Amino acid sequence: MEKLSSTTVLPETFSGARDDITEQFLIIWGQIKAPLIVPLLKIAVFLCLAMSAMLFVERLYMAVVISLVKVFGRKPDKRYKWEPLKDDLEMGNSAYPMVLVQIPMYNEKEVYQLSIGAACGLSWPSDRIIVQVLDDSTDPIVKNLVEMECQRWAKPDFLWRTIPFLVHNPQLALVQARWKFVNADECLMTRMQEMSLDYHFTVEQEVGSSTYAFFGFNGTAGVWRIAAIDEAGGWKDRTTVEDMDLAVRASLKGWKFLYLGSLKVKNELPSTFKAYRYQQHRWSCGPANLFRKMLVEILRNKKVSLWKKVHVIYSFFFIRKIVAHIVTFVFYCVVLPATVLVPEVQIPKWGAIYIPSIITLLNAVGTPRSLHLLVFWILFENVMSLHRTKATFIGLLEAGRVNEWIVTEKLGDALKLKSALKAFRRPRFRIGERVHLLELATGAYLFFCGCYDIAFGKNHYFIYLFVQATAFFIMGFGYIGTFVPS
């Protein structure tokens, strides 16, 4: 009877212990909330509102400029001299400039896509073009794959439309074309990528070209003047964005860039979530690390104007490459949900609703056909901002994976078919391929804040919190993009 009596008391004991722990936690929370949590959260809200305002002004400025360019701006062939190259009976093919196409493959063991093949310019005189495959071997299989990719991706009139700008305008160092995505409709994730990159090409590149004749080289679909590369110091591997590094250094030497939005070159988007995460890490970490390395060099430069320095430092690097990533995640996925738990801190409506809405609409103008997917794009970008923010801090602090280079896997039709056959035969996969703990942890935090808002809140943030938490859970379990089992 004594043993039975002791066992019946155990649940009450556990319940009492649990109540004691809860009560102690509430006491500790009450003691640190007013003197510590509230002031820190107010500072975080102030900083996030300041970054949101800076991002809003930047987006509004670019919207005004792009509108003026579209209405009153002159086309590239009006701003710069352009005349078609003509045959010379006496000189023959030697009348055409010599073109060097370098295809670096040191890091690529498999060829998924060589969009640089667009520069092969198949109709260009064969004796006036040199194609170099830069790799550690002379494997003929690799060379054949490159030739096949050039045939697949090349745009026959690419060089005919770009080279004349370099021939007739000695101040131009780079002519950059736009990307056209061949697999944008493959899945919802590629549509989201298209929306983000279309804004980059439609607005950011065009504004940079029209105002300061500067923008970031996209790494492909462009033609460089070799003299500009040499003067800038050549290619450097100090960051994972050697293309952007070269562009900034050439600009500081006084060279100008031209963007041709009307010239579209085929490009493939990563369609697996794993590949996209690696790509976004490199694209976010690299620019932040380059900013750290070049800030002093830009400030000390005497060949460019003060306004161009401000544009490069503030607009190009600080706002677009750092603030845009940090404020998206910290404000909308950390600070705003935290105000639900600390009602003493309030976020004004203009910061929580109006500014984000306007910024979102301005970003969406690049892809009118996807306006109906705007809500999905917002949720997707908020999730990806987690990785971009982490990568940005890694780049700024030069920590951990700062120099990590993982080639972005782009499947292509052949590899997709091969993978589909493998998946049919062996449909197993590793848990690590589908489960992403950071997304799941953030989703759990948002879900908890949403539940707390329903129980005790008054601002109705729970609607956003639950929807955004769902997006984190979906992507956290890997249910996005094309899934290819190992």
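Just so it is clear, glycine is given a Cβ too, placed from its N, Cα and C backbone atoms.
Automated prediction, rather than curation, is the source of TrEMBL annotations.
In TrEMBL this protein carries:
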- 43-69: transmembrane segment (TRANSMEM)
- 156-338: domain 'Glycosyltransferase 2-like' (DOMAIN)
- 322-342: transmembrane segment (TRANSMEM)
- 354-380: transmembrane segment (TRANSMEM)
- 435-455: transmembrane segment (TRANSMEM)
- 461-484: transmembrane segment (TRANSMEM)
Over the domain 'Glycosyltransferase 2-like' (156-338) the mean pLDDT stands at 94
Within the same chain, the residues 6 or more beyond the ends of the transmembrane segment (354-380) and with Cβ under 8 Å of it are 52-53, 55-56, 59-60, 62-63, 188-189, 191-192, 194-196, 198-203, 332, 467-468, 471, 475, 480
Residues outside the transmembrane segment (322-342) whose C-beta sits under 8 Å from one of its C-beta atoms, at least 6 past its ends, are 33, 37-38, 41, 44-45, 48, 51-52, 54-55, 284, 288, 291, 352, 356, 381-382, 385-386, 388-389, 391-392, 396, 442, 445-446, 449-450, 452-453, 457, 459, 461-462, 465, 468
In the same chain, residues at least 6 away from the ends of the transmembrane segment (461-484) whose Cβ sits under 8 Å of its Cβ atoms read 186-190, 271-273, 276, 332-333, 336-337, 339-340, 379-380, 382-383, 411, 416, 419, 423, 429, 433-440, 442-444, 446-447, 449-451, 453-454
